[in-house]
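Colleague: Submitted below is the structure of interest, expressed as C-alpha cells.
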Amino acid sequence: MKFNFITLFPEKIQSYFSEGLQQKAIESGIFSINTIQLRDFSGNKHNRVDDTIYGGGPGMLLRVEPIHKALLSLGENKGIVILTSPSGIPFHQGIANKLKETGKPLTFISGYYEGVDHRVAEHLVDMEMSLGNYVISAGDLASICIADAVSRLLPGFLGAGESLLDESHNYPDVLEYPQFTKPSEYNGWKVPEVLLSGNHASILAWREQNRKKIDPDQERKL
C-alpha cells in the first residue's frame with residue numbers, strides 16, 4: 001500500500017516513518033510513503049502557496065492551484081484523496097479498516113493556517129477527515145495518525161494477528177481488557193490470580209468480563 005503526503009513539512013512525515021515498526025514495515029515492502037513538497041507547485045518565485053481570504057477575515061488560506069498541480073503530478077497513483085480538516089468527519093477505527101480493505105493508495109493533503117480554499121474540498125478530494133472536535137497546529141499530525149492507523153492493519157505489520165482483533169475500538173463502546181506483566185505483586189498491587197493460573201478458558205472468560213466500557217464521565221476528573 002502507498003501513502004502520499006502533500007505537505008509543507010516533508011521532514012516531519014519522513015521522521016515519523018523512519019523508526020520503529022513503521023520503518024521495519026517500509027523496509028519489508030508492506031507499505032511505502034511518498035512526500036510531496038507543496039511549495040514546488042507554487043508557481044511563483046517566492047514559493048508562496050497561501051493568500052488572503054476573499055470577503056475578508058483573519059489569517060491565510062492555502063491556494064487551490066498548487067494543490068491541484070501536486071495532485072496531477074501523482075497521476076493514477078493518487079488513489080483516495082483525503083483532506084485533513086477540523087470540519088471533516090471524525091476518523092475512527094471503522095474508517096481505518098475500510099481504507100485498508102480498498103488496497104488503494106491514500107493521498108493526504110495537510111491543512112495549515114486558517115485552512116484551505118474550499119474548492120479543494122469541493123472538487124479535488126474524496127474525503128475530509130478530522131481527528132476530533134479540537135484544533136491542532138498542522139494537518140500533518142492528523143495525516144500521520146490516519147496513515148499509521150491504516151498501515152498497522154496491513155498483513156505482516158504486527159507479529160500476531162490476534163493482537164489486532166483484541167485491540168481497543170474493534171468493539172463498539174468497549175475498550176481492551178486490562179493487561180499485566182511482571183512482577184505479580186508490586187507495592188501491594190496484585191495481578192488477578194486467574195491470570196496466573198494457566199487455565200486458558202478461565203483467563204478468556206475473565207478478559208471478556210473485564211473489558212472496560214467507555215466512560216463518558218471521565219471529564220469530571222479534570
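Count begins at 1; order follows the chain as displayed.
Positions of Cβ are set from backbone N, Cα and C atoms, glycine also.
Okay, these came from Swiss-Prot:
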BINDING   G111, L131, G132, N133, Y134, V135, I136  S-adenosyl-L-methionine binding site
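Neighbours and distances for these, please.
Modeller: G132 (S-adenosyl-L-methionine binding site) counts 11 other C-beta atoms within 10 Å of its own C-beta, drawing on all protein chains shown.
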Colleague: Ten-angstrom check, please: count other Cβ atoms within 10 Å of the Cβ of V135 (S-adenosyl-L-methionine binding site), all chains counted.
Modeller: 8
Colleague: In the three-state scheme derived from DSSP, which category covers L131 (S-adenosyl-L-methionine binding site)?
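Modeller: L131 (S-adenosyl-L-methionine binding site) sits in coil per DSSP, no helix or strand.
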Colleague: Using a Cβ cut-off under 8 Å and a sequence separation of 6 or more, which residues in the same chain sit near G111 (S-adenosyl-L-methionine binding site)?
Modeller: L62, L83, T84, S85, A138, G139
Colleague: So for L131 (S-adenosyl-L-methionine binding site), how many other CB atoms are inside 10 Å of its CB?
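Modeller: Result for L131 (S-adenosyl-L-methionine binding site): 19 neighbouring Cβ atoms inside 10 Å.
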Colleague: Under 8 Å Cβ to Cβ from I136 (S-adenosyl-L-methionine binding site), same chain, six or more residues apart: give me those in sequence order, or none if nothing qualifies.
Modeller: A142
